[in-house]
Amino acid sequence: MKARLLILLCALSATDADTICIGYHANNSTDTVDTVLEKNVTVTHSVNLLEDSHNGKLCRLKGIAPLQLGKCNIAGWILGNPECESLLSNRSWSYIAETPNSENGICYPGDFADYEELREQLSSVSSFERFEIFPKESSWPKHNITRGVTVACSHAKKSSFYKNLLWLTEANGLYPSLSKSYVNDREKEVLVLWGVHHPSNIEDQRTLYRKENAYVSVVSSNYNRRFTPEIAERPKVRGQPGRMNYYWTLLEPGDKIIFEANGNLIAPWYAFALSRGPGSGIITSNASMDECDTKCQTPQGAINSSLPFQNIHPVTIGECPKYVRSTKLRMVTGLRNIPSIQSRGLFGAIAGFIEGGWTGMVDGWYGYHHQNEQGSGYAADQKSTQNAINGITNKVNSVIEKMNTQFTAVGKEFNKLEKRMENLNKKVDDGFLDIWTYNAELLVLLENERTLDFHDSNVKNLYEKVKNQLRNNAKEIGNGCFEFYHKCDNECMESVKNGTYDYPKYSEESKLNRAKIDGVKLESMGVYQILAIYSTVASSLVLLVSLGAISFWMCSNGSLQCRICI
């Protein structure tokens, strides 16, 4: 019996067998990603695809400064509002920045025809040449060119008028009919502006133009309109009971424009030869100008990013990421990050059979941990790690390249009477934006799922590689580990890792040790059976003796009466 118990104790005190385990990298990363099936999966490495930061400033775009209108809007700038005169010296810009509530626009009250279309045209212009289309001193010898000023357009507390237009009035009691033409010989589109004055009463009409019935005619190859003054009493705006309506047209190279009038003409003085640029645009922003450069400008501020998506603003100018409504777009490049819990061993659950990663393995994604008489240590499997890195890097670069179509996205212009069209356009834009956002999020979810499955597969493949080499020279003990039936020194361990393990060399030793272990198991089973029988008999005897003692005690004090009948 003593011999059997000694064998049992020897079997229970396990020997320090040589082992090798397959595992994967873990670290202290807190990055989380979403997949199709899971949310907030902690991973070792990931890349962000969504830019959400900006500098809050207006910057030069590719080294070219913007045209910052300040207190002026597009109308005030292009007509030449006296308060905007300083802007007329600008000849080129990267984009135009307008404030939301600019003060200086049309100074003499009236309507600007097709103003939203003009803004749209100017949004693609990156430079222009301002020139006298009809020189002031020589073009109107029979009309007064100095009296046409108004307090509504005052500057430095003096009455003034637009710097690109001339208000022609009677001279010496006459307003002769006029006819002026211009041929565009500049090989560029030319923007021509003019106006028509509508007095509030017939007396003003006679005083300014010496006739009650007047007209203005403007004709080109693509434009043909005749205007008549609308004389009517109106409420004063900026102290003026009269109105001026403003008009514009684009004159193609070689085209001719003809002005005819016998009164009420606000004549062109300066025109603009336009040069269009693909990266220009108009933004409405309260951001201030700063000494900075950027490739992408938004109304909120400049973005300096090579990421494919941004959630800062839908209006962008330059080479900009695509706007989406997402709050998180992070693509996994590493593995699930599940550092092993020491009380549960070295591993946790990846690949379905390993329960955690190794923070001690820092030079690769997948690898080995071995233990033998010479010590223990971690070693990465460089080949499988490098193949995985190359594959995932190529995939991430491909996704970014395909989705990173950088472009300018400017807002569309609608006037107050086009509210239904504006609302419809907003719904269409929102629909496209929802589709873009959905596509971006779905792409990231699918790729994250595939990447984690890819890592899972690589760990399994590494495990199978070791298993196929060792065959029955070692046994699987769970958690991705194998216990050798033979002594495996460092040279032996290295051969397992690099795939050159010599199975026949160790098979005889393994066979003998396997037989010994199996014998110990059988002997242990016999000992366990003897102990079980002994324990059962001893327990039964103790129970019977206890019952007898209790019965004797109860009979002696009368609590239990015993009758024996024959």
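Positions of Cβ are set from backbone N, Cα and C atoms, glycine also.
The feature signal peptide is assigned by Swiss-Prot to 1-17. The topological domain 'Extracellular' annotation in Swiss-Prot covers 18-529 and is backed by sequence analysis. The annotation disulfide bond is assigned in Swiss-Prot to Cys59-Cys292, Cys72-Cys84, Cys107-Cys153, Cys296-Cys320, Cys488-Cys492 on the grounds of sequence analysis. For Cys555, Cys562, Cys565, the entry in Swiss-Prot reads S-palmitoyl cysteine, with the evidence type sequence analysis.
For the disulfide-bonded residues Cys59, Cys296, Cys320, Cys488, the largest tally of other C-beta atoms within 10 A is found at Cys488.
For Cys59 (disulfide bond), the nearest of the disulfide-bonded residues by C-alpha distance turns out to be Cys320; the candidates were Cys153, Cys320, Cys492.
Summarising model confidence by region, the topological domain 'Extracellular' (18-529) averages a pLDDT of 87. Cβ neighbours within 10 Å of Cys107 (disulfide bond), excluding its own Cβ and spanning all shown chains: 26.
Taking CA atoms as the reference points, Cys296 (disulfide bond) and Cys72 (disulfide bond) are 24 Å apart. Put simply, of the disulfide-bonded residues Cys72, Cys107, Cys153, Cys320, the one whose Cα is nearest the Cα of Cys492 (disulfide bond) is Cys320.
Looking only at the disulfide-bonded residues Cys153, Cys292, the densest Cβ neighbourhood within 10 Å occurs at Cys153. In sequence order, Leu69, Cys72, Gly76, Trp77, Asn104 are the residues near Cys84 (disulfide bond), counting only same-chain partners six or more apart with C-beta under 8 A. Annotation: Cys72 carries the greatest number of neighbouring Cβ atoms among the disulfide-bonded residues Cys72, Cys492 [cut-off 10 Å, Cβ to Cβ]. Taking CA atoms as the reference points, Cys153 (disulfide bond) and Cys488 (disulfide bond) are 97 Å apart.
Cys320 (disulfide bond) and Cys107 (disulfide bond) are 36 Å apart (CA-CA, integer value). According to DSSP, Cys107 (disulfide bond) sits in a coil region rather than a helix or strand.
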